[in-house]
Amino acid sequence: MAEDGMLLNFSLDDSVIKPQQRFKGGTWKDRLVAKKIAVKRQNKSRHSAETGAVNSNNPQNPNKINVPTGQRPAKRQRIDGGDFKPTTKSSAGGGGVGNDEQTDRKSYGDRQVISSLFTYNPTAKTVASTDGATHDEDTTEPAKPSNAPLVDGIDTFTSLGLSPSLATHLLTKLNLKTPTAIQKSSITQLLKEECDAFVQAQTGSGKTLAYLLPIVERLMRISSHNKGKKDSEGNTVHRDSGLFAIVLAPTRELCKQISVVLDGLLRCAHWIVAGTVIGGEKKKSEKARLRKGLNILVATPGRLADHLENTKVLDVSNVRWLVLDEGDRLMDLGFEEEIQGIIKKLDERRRPSKIPDLPAKRTTILCSATLKMNVQRLGEISLKEAIHIKADPADEDDEQKDGSKQPEFSAPAQLKQSYAVVAAKLRLVTLTALLKRTFARKGSVMKAIIFVSCADSVDFHFEVFTRRESSEELPDADDENAPSSSNVHGSIATASAFSNPSNNVILHKLHGSLPQHVRTATLSAFAKQKDASVLICTDVAARGLDLPNVDFVIEYDPAFCSDDHLHRIGRTARLGRDGRALIFLLPGNEEGYVDILKGSYREGSSNSVTRNEVNEILKRGFGGNSEAISKGWEDKATDWQLDIERWALEDSTILEMARRAYQSHIRAYATHIAAERHMFNIKDLHLGHLAKSFALRDRPAKINVPGLRPGNEDTKKSFKADRKLASGEKRKMSAREDSSSTTDAAEARKKMQQKLKEHMAGASEFNIA
């Protein structure tokens with residue numbers, strides 16, 4: 001047949017005989033995902049073949065354009081290498097908030113992000129007034145002081161009922177000529193009647209002397225009446241006569257200050273002995289002082305409750321005066337249970353005294369600047385049929401007539417308050433510029449206090465402001481402006497960031513995490529400092545402390561409640577002196593805090609709260625007075641910020657300190673009271689911009705601190721890696737994880753060796769020191 005010699009030649013494509021790819025191993029979900037990816041890749045290559053597109057990776061690509069080397073397009077600036085100054089918002093094409101948000105959402109891995117100080121900052125909601133003055137301009141008439149001593153010359157300490165010897169001592173030794181309004185009301189009432197009292201007055205009005213003078217006067221009278229009696233009868237007042245008065249204060253610093261004031265008063269009555277028992281001190285030394293005998297005891301509630309429970313030599317049977325100073329702070333710190341126990345033990349151990357003229361009942365005095373619910377609760381616990389003592393009794397009558405409720409606590413009338421709306425990225429440079437301008441001239445400002453929210457922030461800013469550049473020379477040993485010898489504690493140093501050749505500024509730091517002897521030495525050094533000095537601290541220094549010559553208070557972080565704000569600014573403008581206070585606020589909801597600032601003055605007062613412009617502060621701090629000098633203030637501020645960031649990157653200790661300060665600041669920001677949380681909402685914080693103010697270049701998710709939980713991103717990565725490890729795949733560890741695991745292993749090995757040494761030592765098992 002003709003068909004027998006026919007030969008058919010079929011041309012088959014390679015894809016027909018290509019073996020199918022099969023996926024093995026892993027979970028069914030992983031195999032399904034891999035299969036979908038392979039199918040998608042095949043469909044894409046088939047579509048490219050049909051449309052005639054050529055792969056760009058092919059060296060024979062006809063669509064390839066060769067660009068000459070001299071006309072290469074401009075490359076984007078690198079993010080991870082070197083410092084650069086980004087273009088400003090006005091010069092960047094198409095820049096806006098939307099672009100900024102997209103940039104922030106980009107993943108740069110472990111690379112550093114260097115952002116500009118003056119771009120993409122939120123604008124303030126409120127409009128600044130055209131007649132606003134800066135903090136160093138005196139444009140308003142000084143108000144009449146509301147907490148100054150009386151100047152009419154009629155009321156003197158002698159006319160209030162004090163003995164001539166005590167009044168003369170106040171005049172000659174303490175330089176106190178006339179009493180304040182609260183001292184006049186309190187001394188007269190407490191000497192006239194033996195009843196409980198609630199003393200309420202402005203901060204800085206002399207409440208300490210208002211309750212100490214009546215107690216010292218009564219003890220001096222009892223001593224003079226029994227002067228001819230023999231000591232063996234126990235009727236003469238001396239250190240062995242017993243404990244007559246107890247003063248409770250919330251903080252150790254306030255106890256130390258009350259003790260200093262009391263020692264100054266008792267120089268005219270040396271036979272009356274006072275002492276202190278506070279936390280942080282050696283209990284053995286305190287027991288020795290109690291064993292020798294004390295007549296007046298200043299204590300913190302926790303330590304006094306401990307001594308009442310465990311110290312048998314502490315005899316409180318003759319206690320006739322109990323003072324609760326800063327009652328609102330005592331309740332805020334949670335001392336209600338201790339105070340209840342102290343009052344209960346005083347009632348149980350009270351005995352009739354053999355000393356004539358000693359009151360038969362105990363008088364309790366509660367002192368507080370505010371009349372909040374917790375203070376009323378403390379009054380219910382400690383006071384019985386108490387009288388209310390105010391600086392001006394007419395205020396209470398006017399309030400009853402008008403039916404209007406005045407603020408519970410008002411700022412001194414002569415205090416000038418101001419605020420500055422500062423973007424988060426500009427906080428650090430603005431504070432530096434403000435301090436540079438404040439201490440530009442010697443003698444303009446003697447002392448200033450900076451309040452921050454947490455102890456880690458205090459440590460970080462102290463290191464920033466006291467860092468010494470390589471070009472700077474160390475101060476001479478005989479230099480009068482050099483830091484004192486207490487600098488061995490690391491809490492006092494020269495503020496190189498805002499000092500100048502004509503005005504050397506000494507910086508002090510104070511917070512509750514420091515050892516007690518360091519806190520005491522630092523506070524004493526700041527109080528005795530005669531040159532320009534700055535104290536950066538937490539709220540541990542916001543209550544009751546009378547620090548002399550404080551002219552300026554800066555609230556770098558707003559207080560957690562309005563009452564704490566009033567106590568902070570009360571460190572200045574004391575006893576009729578002038579003072580200024582400035583608070584930093586973020587743009588947005590925090591600007592509503594200005595209404596609280598305005599409401600801190602008494603109704604009808606002519607005082608106003610002024611606004612300081614950020615650009616003006618930066619221009620005056622990094623520029624100068626003249627227009628020609630102050631042109632490059634933006635570049636100077638940027639250079640200073642970048643220098644701080646490089647310094648933090650080079651020193652791992654400083655970098656960890658900055659990260660801890662950043663984390664602690666965010667945690668502290670979330671603790672504002674509920675009534676003010678709409679102004680201080682943590683969800684409104686721009687964490688990336690806030691990290692810039694702590695000299696950090698890491699993204700917020702990458703700012704990890706040892707001992708804290710990892711961020712969401714790291715948690716997800718570790719979860720996925722563990723899941724792959726469970727499925728049989730080999731986990732690839734990053735450099736960070738490798739280093740951390742190595743560190744953990746080294747620490748574990750070190751702890752194991754330490755435990756072995758302890759077990760090898762025979763006496764360690766019975767070491768009870």
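Numbering starts at 1 and runs along the chain as it is shown here.
Glycine is treated like the rest: Cβ placed from N, Cα and C.
The annotation ATP binding site is assigned in Swiss-Prot to Ala201, Gln202, Thr203, Gly204, Ser205, Gly206, Lys207, Thr208 on the grounds of sequence analysis. Counting every protein chain shown, 25 other Cβ atoms lie within 10 Å of the Cβ of Thr203 (ATP binding site).
Residues annotated as compositional bias 'Low complexity' in Swiss-Prot: 55-68.
For 472-481, the entry in Swiss-Prot reads compositional bias 'Acidic residues'.
As annotated by Swiss-Prot, compositional bias 'Basic and acidic residues' applies to 711-739 (among others).
Annotation source Swiss-Prot lists compositional bias 'Basic and acidic residues' at 746-760 (among others).
Residues annotated as domain 'Helicase ATP-binding' in Swiss-Prot, with sequence analysis given as evidence: 188-389.
Per Swiss-Prot, the feature domain 'Helicase C-terminal' maps to 430-622; the stated evidence is sequence analysis.
Summarising the annotation, Swiss-Prot assigns region 'Disordered' to 38-107 (among others).
Residues or ranges marked as region 'Disordered' by Swiss-Prot: 127-150 (among others).
Marked as region 'Disordered' by Swiss-Prot: 391-411 (among others).
Feature annotation from Swiss-Prot assigns region 'Disordered' to 471-490 (among others).
Under the heading region 'Disordered', Swiss-Prot lists 705-769 (among others).
In the predicted structure, the motif 'Q motif' (155-184) carries a mean pLDDT of 89. Marked as motif 'Q motif' by Swiss-Prot: 155-184.
The motif 'DEAD box' annotation in Swiss-Prot covers 325-328. Secondary structure counts, DSSP: the motif 'DEAD box' (325-328) has 2 helix, 0 strand, 2 coil.
The helix, strand and coil residue counts that DSSP assigns across the motif 'Q motif' (155-184) are 13 helix, 0 strand, 17 coil.
When secondary structure is read from DSSP and collapsed to three states, Thr208 (ATP binding site) falls in the helix class. Other C-beta atoms found within 10 angstroms of the C-beta of Thr208 (ATP binding site) number 23, with every protein chain shown included.
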